[in-house]
Amino acid sequence: MPTFLHHALLACGFLTRLVPARVATADDMAAAVRWFPLAGLVVGGACWLPFALGLAASHPAIQAWLYVLINLWVTRGLHWDGVADLADAWGSSATGERFWDILKDSRIGAFGVMGLLLGFGGQYIGAHEIFISGRLGVLIAAPIVGRGACVILAALVPPGSRSTLGRLTCAGADRIAIGVAATCGMLALLLTTPAITTVTTIAICGAIVTALAHLARREDGINGDFMGACIAGCEGTVLLAASMG
């Protein structure tokens, strides 16, 4: 199998359940990072297709709920686990080792619940408006932008020693990966939203990435929870911004 195809399948297998997980070396995992936007395209396509075929047509509220459900199933809810964990750790105002203890605790607290409610609520509202407007292409663009933003976040933070996944993602976020992520995200937005909406979305996603990078540098490390929160936050931003544009 060609190396590039192995890395592409590795990225899709890691970020979705639609491709079987693959055995990989540390170098392979790092090389797969530049294929994260492709994994976003796979997620977006899987979420878009049922509705393009007419699932629950003329019932936008039901379509929006089904969209959230399908998105969760396709991604195994991987990114939302990061939202809950990071909300608990950040919301507690803890720093240092205590921050990481809370972040790695599998139990969910009040801040985690609030983070999930806000995140799911935003995703549902944004999707509902998208279904009303009929601009289903945004459903494809959102996951591409989210995973591209994750790559850029990894490029802004020193790898640290807190997490193997964080270290490998940071190692893979080289200039090529950044260029691919930025180009794919920009094209996805320009093809599905007005120019002003594209600018607004990029600005808000940039603020999310910057805030997460600042927190990661403050706490001297980054892990998969940061990545998941970045993906979920930027994906939701695309839906909400497009619904108002």
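The count begins at 1 with the first shown residue.
Backbone N, Cα and C atoms are what each Cβ position is placed from, and that goes for glycine too.
Copied over from Swiss-Prot:
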| type | residues | note |
| --- | --- | --- |
| TRANSMEM | 35-55 | transmembrane segment |
| TRANSMEM | 108-128 | transmembrane segment |
| TRANSMEM | 137-157 | transmembrane segment |
| TRANSMEM | 176-196 | transmembrane segment |
| TRANSMEM | 197-217 | transmembrane segment |
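For the transmembrane segment (108-128), same-chain residues at least 6 beyond its ends with a Cβ under 8 Å from one of its own Cβ atoms are 60-61, 63-65, 67-68, 71, 80, 83-88, 90-92, 102, 139, 232-233, 235-236, 238-240, 242-243. A Cβ distance under 8 Å defines the sequence-distant neighbours of the transmembrane segment (176-196), meaning residues of its chain 6+ beyond its ends; these are 33-34, 36-37, 40-41, 135, 137-138, 140-141, 144-145, 147-149, 151-152, 155, 202, 238, 241-242, 245.
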